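The disulfide bond feature in TrEMBL is assigned to Cys82-Cys426, Cys292-Cys306.
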Amino acid sequence: MLCGTPGFLRASVAPAAALAAALAAALFSSLAHCSLLEPRDPVTSVLSPYFGTKTRYEDVNPRLLSDPEAPRRDPELLEGTCTPVQLVALIRHGTRYPTAKQISKLRQLHGLLQARGPADGRPGSAGSRGPGAALTDWPLWYADWMDGQLVEKGRQDMRQLALRLASLFPALFTRENYGRLRLVTSSKHRCMDSGAAFLQGLWQHYYPGLSPPDVADMECGPPRVNDKLMRFFDHCEKFLTEVERNATALYHVEAFKTGPEMQNTLKKVAATLEVPVNDLNADLIQVAFFTCSFDLAIRGVKSPWCDVFDIDDAKVLEYLNDLKQYWKRSYGYTINSRSSCTLFQDIFQHLDKAVEQQQRSQPVSSPVILQFGHAETLLPLLSLMGYFKDKEPLTAYNYKKQMHRKFRSGHIVPYASNLIFVLYHCENAKTPKEEFQVQMLLNEKVLPLAHSQETVSLYEDMKNHYKDILQNCQTNEECKLTKVNSTSDEL
């Protein structure tokens, strides 16, 4: 969507809309008051680095716990005679509710706890009140309708990200450029709502103290849905057949579930919850672990679910989650990353157009491009570019060897994670080639280039490095099914 000029300051607001806005503000205020975090809580701080793709953004950027709206300028960002002329951002949606599938598993686990009966008959239970008993009384407040929807905290993630980026790149996020914003989103509501919340954050930046109108009233409407870009994996038949629907594609995930590390965690958790170990499995244990993260991220509370696990359990469960992301979305199979070629090429088409317009002394038509997607959007793209690749693949059998791995999904794609390309025009360039340079940021920190480890690249050099992807990676060909299933020999 290319936003039209917004009708910023309307003379009046319909009474019903004003009442709705007031009620929404009161509800948000109440939720914010009830969700006060204890950021220095020792158990929470110990478990938080291991929540994988369910990690809070502020756990990757701890400075945000004290001031979530203040931008931090990375000292490696270009300045001086190099001026940013375009920003292309891929943004994962903000904090969300668990999915209906996860909620169903949590109900199953909660039912096991309630079926234990009174504690008096269990050894060593006299007068004790362990995590199992506490969880029996802990309200199960998740409902099926939530099913992955964006929560208020997720909207806050987006509004605050907008404020920080607008302050970090004031030359791009000007009021004049607001009307030229280009927004694209996945069709999932959590992504569409994230885009709308980001726009509201920009309104707050331009008009502090004024309540933002509905996105429709900004004369922009919702971001434009484009699933072929933001959910490319759903449109790649080779990926769907050889990975998504292939029962053996996640062999290492299933093997790790029955391996010694996971079985040890299973026994420990069964003892802690005082339920038969045969009633539990790796999936139920993982959803219990994620519930600790959901309660923290959504409600700002440390629930009794967090008391079930220690740091060794957390590391095992993080590895289980990383195995899934690795084999389904990253280096496990070549098609995982090659399916994202269309998105990668789209980014460089925007950058190419901006360079061409600058060379013709024309204003850049789309100075800011914002694309809202998923962890499953970002991970394949980062893998395509060669980031976070370990020397050896992650497998079910090298857990200890991978303790210091690069591929840790929670540190790469937490909620609200963002990958940003910034194109600069450098006035004092000695050669035409040096006139345009590019930097990348991951979660607001400059990301060294995978091929050189430098923090900035000449634009032409970056294009040359990724020449094969830009010129030879054709989605129709990459995603075409072959007669022989090739997943078994990808690595």
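Glycine is no exception: its Cβ is also placed from the backbone N, Cα and C atoms.
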Cα-Cα distance linking Cys426 (disulfide bond) and Cys306 (disulfide bond), given in Å to the nearest integer: 51
Cα-to-Cα gap, Cys82 (disulfide bond) vs Cys292 (disulfide bond), nearest whole Å: 45
Cβ packing number for Cys426 (disulfide bond), 10 Å threshold: 17
Inter-residue C-alpha distance, Cys292 (disulfide bond) and Cys426 (disulfide bond) (nearest angstrom): 48
